[in-house]
Structures are given as structure tokens and as C-alpha cells.
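Down below is the structure, laid out as C-alpha cells.
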Amino acid sequence: AYVINDSCIACGACKPECPVNIQQGSIYAIDADSCIDCGSCASVCPVGAPNPED
């Protein structure tokens, strides 16, 4: 699963790319149980906030 770290600027670039609906807030969040590891969020993020969970 991907997780979004504290460098998230909530720009919204990832939201339309995510097939499992990233949750919007002051920092965006990905539901680890729903994430399908597609990496679409990471490929469009301007600050590199989404990363594969260890």
C-alpha cells in the first residue's frame, strides 16, 4: 500500500488519478486496505509525498 507523508501540500493532483479514492483533508490520505499499489498517485505528485509502505 502507498502512504502519503507529511510533505503533502494537498494540491489535489493525486485525487483524480487514484482508482480507490484518496481522502481529502489538510494532508491527503490513502486507505491502506483499499490501496491497490498502482502508483498513480506517486507518478503525479509534485512533492513526492506518496511512497510505498514498508
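Backbone N, Cα and C atoms are what each Cβ position is placed from, and that goes for glycine too.
Features reported for this protein in Swiss-Prot:
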BINDING   C8, C11, C14, C45  [4Fe-4S] cluster 1 binding site
BINDING   C18, C35, C38, C41  [4Fe-4S] cluster 2 binding site
DOMAIN    2-25  domain '4Fe-4S ferredoxin-type 1'
DOMAIN    26-54  domain '4Fe-4S ferredoxin-type 2'
Residue counts (helix, strand, coil, in that order) that DSSP gives for the domain '4Fe-4S ferredoxin-type 1' (2-25): 3 helix, 4 strand, 17 coil
By Cα-Cα distance, the member of binding-site residues C18, C35, C38 nearest C45 ([4Fe-4S] cluster 1 binding site): C18
Near-site residues: [4Fe-4S] cluster 2, ref C18, C35, C38, C41, CB cutoff 8 A to centroid: Y2, C14, E17, P19, V20, I22, I30, I36, D37, G39, S40, A42, P50
Per DSSP, three-state class assigned to C38 ([4Fe-4S] cluster 2 binding site): coil
Proximal but sequence-remote residues of the same chain as C18 ([4Fe-4S] cluster 2 binding site) (Cβ under 8 Å, at least 6 apart): I30, S40, C41
Least buried by Cβ count (within 10 Å) of the binding-site residues C8, C45: C8
In the chain carrying C14 ([4Fe-4S] cluster 1 binding site), residues 6 or more apart in sequence that have Cβ under 8 angstroms from it: I4, I22, Y28, S40, C41, V44, C45, A49, P50
Other residues, Cβ within 8 Å of C8, C11, C14, C45 Cβ centroid ([4Fe-4S] cluster 1 site): I4, I9, A10, G12, A13, Y28, C41, V44, P46, V47, A49, P50
Least surrounded among the binding-site residues, given as C11, C35, C41, when other CB atoms within 10 Å are counted: C11
For the domain '4Fe-4S ferredoxin-type 1' (2-25), the mean pLDDT of the predicted model: 93
Rounded distance in angstrom between the Cα atoms of C11 ([4Fe-4S] cluster 1 binding site) and C38 ([4Fe-4S] cluster 2 binding site): 20
